[in-house]
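Student: Mind looking over this structure? Questions follow.
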Amino acid sequence: MPKKTDTPDYKPSIYSLTRDELIAWAIEHGEKKFRASQIWDWLYKKRVQSFDEMTNISKDFIALLNENFVVNPLKQRIVQESADGTVKYLFELPDGMLIETVLMRQHYGLSVCVTTQVGCNIGCTFCASGLIKKQRDLNNGEITAQIMLVQKYFDERGQGERVSHIVVMGIGEPFDNYTNVLKFLRTVNDDNGLAIGARHITVSTSGLAHKIREFANEGVQVNLAVSLHAPNNELRSSIMRINRSFPLEKLFAAIEYYIETTNRRVTFEYIMLNGVNDTPENAQELADLTKKIRKLSYVNLIPYNPVSEHDQYSRSPKERVEAFYDVLKKNGVNCVVRQEHGTDIDAACGQLRSNTMKRDRQKAKVGQ
């Protein structure tokens with residue numbers, strides 16, 4: 001059985017080290033600063049998957065690296081590729097737990113959606129991610145490794161495609177794993193490594209107001225998205241348990257602080273649930289709620305991917321989405337209906353992992 005622990009006993013991934021930490025580790029072990037820069041270059045520019053491929057590093061130091069670290073800690077279990085080019089990956093962690101990562105082809109490039117936790121405790125009643133409660137946080141290396149394996153998948157195709165955008169919107173609440181997510185952001189944004197621009201990275205939160213305030217002060221120029229999904233406290237609390245701890249008044253005070261501090265736009269994610277949150281009245285409430293920050297906010301209307309375990313919910317019909325959208329536009333709200341990806345595979349966040357675990361349990365029963 002996988003171990004439920006945040007302090008695993010396996011060797012850490014070298015991806016867990018920021019560039020400054022790698023330099024400090026190399027110096028501590030008798031090497032010069034430039035040696036760490038060479039290793040960093042091998043990892044993020046040449047993208048090797050083994051220390052033994054680092055041909056300008058001494059055998060003794062490679063042995064030391066192998067003794068203390070692995071390169072990529074993930075094992076690829078399943079890859080599903082959609083007709084629209086979306087690719088969904090199921091990765092196995094060193095302790096046997098499973099996570100999902102999704103590659104989406106956009107008109108502006110390749111965008112990867114990463115997972116930050118094994119399971120989720122936020123408890124949104126419509127979401128596949130929360131079907132399994134949080135087991136543990138991913139460390140920085142395990143989050144970074146998702147990007148590296150997706151990039152490897154495309155490197156092996158030899159077409160020169162490069163991951164250009166990252167969305168931290170996979171399984172888990174990123175701000176509930178704050179330190180590791182922040183290290184991940186700084187690693188992938190490092191100019192000497194993957195050099196993915198901060199404005200090409202989006203972090204999504206379900207609304208941990210105190211962490212939004214903290215994030216505003218980090219000086220990290222990435223984009224912030226907030227999973228809103230309802231325009232009033234009663235409705236939001238009924239579908240998102242987090243609202244009972246951070247009601248809309250607290251959440252929007254934090255969002256206003258973030259905007260004032262960073263002068264950056266916030267995107268609101270709003271999943272369209274038929275007969276639940278998709279009426280014209282709901283749209284007017286949403287327009288009123290966001291009025292004060294209209295110039296620096298944006299609403300993303302999201303078609304719902306049905307989840308069998310949450311069969312009380314269904315996708316809003318096209319005409320209801322259009323009516324909702326029209327109300328927002330008439331009120332001057334910047335909004336868009338999100339383009340769908342991967343509708344012919346296990347598209348909903350957490351679905352591939354959940355379905356695979358079901359199959360694994362069924363196989364185990366048959367084998368008993």
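Every residue, even glycine, has its Cβ placed from backbone N, Cα and C.
In case it helps, Swiss-Prot gives these features for our protein:
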ACT_SITE  GLU100  active site, proton acceptor
DOMAIN    106-344  domain 'Radical SAM core'
DISULFID  CYS113-CYS349  disulfide bond
BINDING   CYS120, CYS124, CYS127  [4Fe-4S] cluster binding site
BINDING   GLY172, GLU173, SER204, SER227, LEU228, HIS229, ASN305  S-adenosyl-L-methionine binding site
ACT_SITE  CYS349  active site, S-methylcysteine intermediate
Student: Hey, what's the widest CA-to-CA gap across GLY172, GLU173, SER204, SER227, LEU228, HIS229, ASN305, the S-adenosyl-L-methionine contacts in the record, in Å?
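Tutor: Largest Cα to Cα distance for the S-adenosyl-L-methionine-binding set is 19 Å.
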Student: CA-CA, which of the recorded positions GLU100, CYS113, CYS120, CYS124 lies nearest HIS229 (S-adenosyl-L-methionine binding site)?
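Tutor: Of all the candidates listed, CYS124 is nearest in space.
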Student: Measuring C-alpha to C-alpha, could you say which of the recorded positions CYS113, CYS120, CYS124, CYS127 are within 10 Å of GLY172 (S-adenosyl-L-methionine binding site)?
Tutor: CYS120
Student: Excluding near sequence neighbours, so keeping only residues 6 or more apart in the same chain, what lies with its CB under 8 A of LEU228 (S-adenosyl-L-methionine binding site)?
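Tutor: For LEU228 (S-adenosyl-L-methionine binding site), the qualifying residues are GLY207, ARG236, PHE268, GLU269, TYR270, LEU286.
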Student: Among GLU100, GLU173, ASN305, these being the recorded positions, pick the one whose CA is nearest to that of CYS120 ([4Fe-4S] cluster binding site).
Tutor: GLU173
Student: Between the residue listed as 'active site, proton acceptor' and CYS113 (disulfide bond), what C-alpha distance do you get in Å?
Tutor: 9
Student: What's the CA-CA gap between SER227 (S-adenosyl-L-methionine binding site) and CYS113 (disulfide bond) in angstrom, rounded?
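Tutor: Given the Cα positions, SER227 (S-adenosyl-L-methionine binding site) is 15 Å from CYS113 (disulfide bond).
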Student: Around the Cβ of CYS124 ([4Fe-4S] cluster binding site), how many other Cβ atoms lie within 10 Å? Please give the count over every shown protein chain.
Tutor: 19
Student: Compared by Cα position, which of the recorded positions CYS113, GLU173, SER204, ASN305 is the closest one to CYS127 ([4Fe-4S] cluster binding site)?
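Tutor: It is ASN305, whose Cα lies nearest.
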Student: Measuring Cα to Cα, how many Å separate CYS113 (disulfide bond) from ASN305 (S-adenosyl-L-methionine binding site)?
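Tutor: Per the Cα atoms, CYS113 (disulfide bond) and ASN305 (S-adenosyl-L-methionine binding site) stand 16 Å apart.
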Student: Tell me which residues of the chain lie with their Cβ under 8 angstroms from that of SER204 (S-adenosyl-L-methionine binding site), as long as they are six or more apart in sequence?
Tutor: VAL167, VAL168, MET169, PRO174, LEU224, ALA225, VAL226, SER227, GLU269
Student: Can you give me the same-chain residues 6 or more apart in sequence from GLU173 (S-adenosyl-L-methionine binding site) with a CB-CB distance under 8 Å?
Tutor: THR116, GLN117, CYS120, ASN121, ILE122, THR205, SER206, LEU208
